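K.L.:
Mind having a look at this structure? Questions to follow.
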Amino acid sequence: VGFKAGVKEYKLTYYTPTYETKDTDILAAFRVTPQPGVPPEEAGAAVAAESSTGTWTTVWTDGLTSLDRYKGRCYHIEPVAGEESQFIAYVAYPLDLFEEGSVTNMFTSIVGNVFGFKALRALRLEDLRIPVAYVKTFQGPPHGIQVERDKLNKYGRPLLGCTIKPKLGLSAKNYGRAVYECLRGGLDFTKDDENVNSQPFMRWRDRFLFCAEANYKSQAETGEIKGHYLNATAGTCEEMMKRAVFARELGVPIVMHDYLTGGFTANTSLAHYCRDNGLLLHIHRAMHAVIDRQKNHGIHFRVLAKALRMSGGDHIHSGTVVGKLEGERDITLGFVDLLRDDFVEKDRSRGIYFTQDWVSLPGVLPVASGGIHVWHMPALTEIFGDDSVLQFGGGTLGHPWGKPPGAVANRVALEACVQARNEGRDLAREGNEIIREASKWSPELAAACEVWKEIKFEFEAMDTL
């Protein structure tokens, strides 16, 4: 048979530097840190093997299949600048290894086992190229950016949101009141916090009812379409769907899900329901930093963002850039483009390892939230552009005069920035001046400017190239 038992080096089978990648291959870029003494080719080949057809020894059933057709291949290795013992291993996977329309299966294959592998000290999945043939097996976001704008009748500016705080402990009625005040003041959206599900102090059904009431009341008074992200995340998929169905029955425009803690299977089911029933879907990335914070181990957020676009969501939290370092800005804008655009060119300076063609998959709105306030508005408008959601939690609710004036301050600041931009002014250079001018006409904005003039969150960026 030519079958020879025993252990053989991975690189004999799985390191193929002459391989020409196919248009249908899923391509992965791994940052590999091998154990001392393990050569790069062997480590790269081990990653390819253990995440596809390989196992630690030769098995006779290998003879019953065509390894050449099904094996992952490490086809290129390059050193990481400034790192002694790290390199980028590029691996190509044949499309047949993956179930159609299943992000769950894709991740189980590519990152399921190999991250615990002893020959490696650390491993990080930096990027994935999803071939068009695989993209087409996914529904993707329930609606996408254009449909959302049409549903909301809001054009030519970023959308404004606010997370209701304190996130835990309010009764449903007080919570609904906070929602109403923010929406009434001029915000487009308010948001359940990611850990607001159905706790003893506020059961989900009560919250949904009071928030729907707040939604309708604020719409009637302002003449604008409003939304509150009702968090449907639950302990079981059935319970999650029950909440989504109830939201639809209330006639609200949008629900929400924590896609990493809830899981991709649950998320994809919910996304399908949302498209079929006209609900927008807001996605929170709770737990992402557990996976993406370490520079040498885990999965970079741009991969989790791509996976979400495949699984389905209309909004996703994507960091703020503001008040942090410049290096982070390019990387963040890299995955923001991957969320929004149809076609994204390879650009290593922005952390994009592969050209990605999304064909006709709808786009996702990036959500900037976390530690931002009115002084950040010019920078946020300039960095994220119109197709984004800017979310101010404390930056709305912390206003010295209360929530409605806090909402007014944010809306005035945003409208001023958009108008200044449309008049050709430079938001990056004149931002503070633009806000100051606007605050002369808005006492609410002036009060907000006074409160937050000194607040900064200055730390070194973790996410550098």
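Residue positions begin at 1 at the first shown residue.
Cβ coordinates come from backbone N, Cα and C, glycine included.
What Swiss-Prot lists as substrate binding site is N113, T163, K167, R285, H317, S369, and the listing cites sequence analysis. Marked as active site, proton acceptor by Swiss-Prot on the basis of sequence analysis: K165, H284. Annotation comment: Swiss-Prot describes K191, D193, E194 as Mg(2+) binding site. Positions annotated as N6-carboxylysine by Swiss-Prot, on the basis of sequence analysis: K191. Look at Swiss-Prot and you will find K324 tagged as site 'Transition state stabilizer'.
Mind mapping these onto the model and telling me what they sit next to?
P.N.:
In sequence order, D193, N195, V196 constitute the residues six or more apart from K167 (substrate binding site) in its chain with CB-CB distances below 8 Å.
In the structure as shown, the Cβ atom of K165 (active site, proton acceptor) sits within 10 Å of 15 other Cβ atoms.
DSSP assigns E194 (Mg(2+) binding site) to coil, not to a helix or a strand. Packing around E194 (Mg(2+) binding site) is summarised by its Cβ count: 22 other Cβ atoms lie within 10 angstroms of its Cβ, all protein chains included.
Cβ neighbours within 10 Å of K191 (Mg(2+) binding site), excluding its own Cβ and spanning all shown chains: 30.
DSSP gives H284 (active site, proton acceptor) a strand state.
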K.L.:
Between N113 (substrate binding site) and H284 (active site, proton acceptor), what C-alpha distance do you get in Å?
P.N.:
26
K.L.:
Between N113, T163, S369, which of the binding-site residues has its C-beta surrounded by the fewest other C-beta atoms within 10 Å?
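P.N.:
Comparing Cβ neighbours within 10 Å for the binding-site residues N113, T163, S369, N113 has the fewest.
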K.L.:
Cβ-Cβ under 8 Å from H317 (substrate binding site), same chain, 6 or more residues apart: which ones?
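P.N.:
Same-chain residues close to H317 (substrate binding site) (Cβ under 8 Å, separated by 6 or more) are I283, H284, R285, P366, V367, S369, G370.
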K.L.:
Taking every protein chain in this structure into account, which of the recorded positions H284, R285 has the most other Cβ atoms within 10 Å of its Cβ?
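P.N.:
In terms of Cβ crowding, the pick is H284.
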K.L.:
Would you count the other CB atoms within 10 A of the CB of D193 (Mg(2+) binding site), including those on all shown protein chains?
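P.N.:
Around the Cβ of D193 (Mg(2+) binding site), 18 other Cβ atoms lie within 10 Å.
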K.L.:
Can you see whether DSSP assigns S369 (substrate binding site) to helix, strand or coil?
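P.N.:
Going by the DSSP assignment, S369 (substrate binding site) falls within a strand, counted as strand.
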K.L.:
Just the number: how many Å between the Cα atoms of E194 (Mg(2+) binding site) and K165 (active site, proton acceptor)?
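P.N.:
Pair distance, Cα basis, whole Å: 11 Å.
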